[in-house]
Amino acid sequence: MCRTALGVTRLQDLSVCWRKEHDPAEMLRVGRAELGGWKPSWEAIVKEVAAATGHTVVLVDQTEDILAKSKKGIEESLRKVAKKKFAENPKAGDEFVEKTLSTIATSTDAASVVHSTDLVVEAIVENLKVKNELFKRLDKFAAEHTIFASNTSSLQITSIANATTRQDRFGGLHFFNPVPVMKLVEVIKTPMTSQKTFESLVDFSKALGKHPVSCKDTPGFIVNRLLVPYLMEAIRLYERGDASKEDIDTAMKLGAGYPMGPFELLDYVGLDTTKFIVDGWHEMDTENPLHQPSPSLNKLVAENKFGKKTGEGFYKYK
């Protein structure tokens, strides 16, 4: 039986081991994502994969204290799911939580975990240097057959894969938050990704009950390549004084049928995350009007007003 990691480290790296021929597989999570909306809730993936597909989960981090806090967070998240899923049968809900928690173990030995992992999915900060350092380290311990994948929402997969010796076994797996609700997974194939690797990533996505779509290794892939310019244009509309942010949000919800307006979504995603993406794209293509920096966005980020997670962004939440 293979070991699957869905764990937690300071670098917040996530490693998942999966084999089609083994069911249930053991899952190991090596990393807790700091979420801003662009990254999925990996606790959600833990509960979804463990509960829905019977995987065994191993949380990995640098200290037992962090592991204890992480497992407590997963338990709280599971109980919320159980409360809704088993509203008419609380006892069944308790059994669901306990059964799922019984499949989650903890470890502080990341090297031994990666050594027995079939698929590593990274979900750390959107910083190429940090991602390269992580994959370069994991590459030394992972088995020859292990597939690496990044959950990046803005960086090119090729630039990350070049830090390893397994470019043919490297691809992109971009999930969307909230993971249990959002069915989409973008599967990214670089010019070096083998067809076998690509098919394995597609199969893994389907095994999680997701709907995979494929895309070449272009910045932002499909969704964010279209979404981020839309968000930035909403900010520019507001900066020019053409409309208030409240009216812009209302217009897009009532006129386009969107569940959230652009400013609501920006605050949910995290203004720091959006700025990081836009700055990266602007650096790659300084003449593109879609990727020009925003004075108001830069000001809010400089003031550490990142949105809902800090209590204030374009709107106040305190």
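Here the Cβ of each residue, glycine as well, is placed from N, Cα and C on the backbone.
In TrEMBL, annotation is done automatically, which means it is predicted and not curated.
Annotated in TrEMBL:
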- 48-218: domain '3-hydroxyacyl-CoA dehydrogenase NAD binding' (DOMAIN)
- Ser77, Lys84, Ser153: CoA binding site (BINDING)
- His174: site 'Important for catalytic activity' (SITE)
- 220-317: domain '3-hydroxyacyl-CoA dehydrogenase C-terminal' (DOMAIN)
**Fill in**
Whole-number mean pLDDT, the domain '3-hydroxyacyl-CoA dehydrogenase C-terminal' (220-317), equals 96
**Complete:** Among the binding-site residues Ser77, Ser153, the one whose Cβ has the most other Cβ atoms within 10 Å is Ser153
**Between His174 (site 'Important for catalytic activity') and Lys84 (CoA binding site): CA-CA distance (Å)** = 27
**Asked** Can you tell which of the recorded positions (Lys84, His174) has the fewest other C-beta atoms within 10 angstroms of its C-beta?
**Response** Lys84
**Request:** Report, in whole Å, the straight Cα-to-Cα distance of His174 (site 'Important for catalytic activity') from Ser77 (CoA binding site).
**Result:** 22
**Fill in**
Rounding to whole Å, the Cα atoms of Ser153 (CoA binding site) and His174 (site 'Important for catalytic activity') are apart by 7
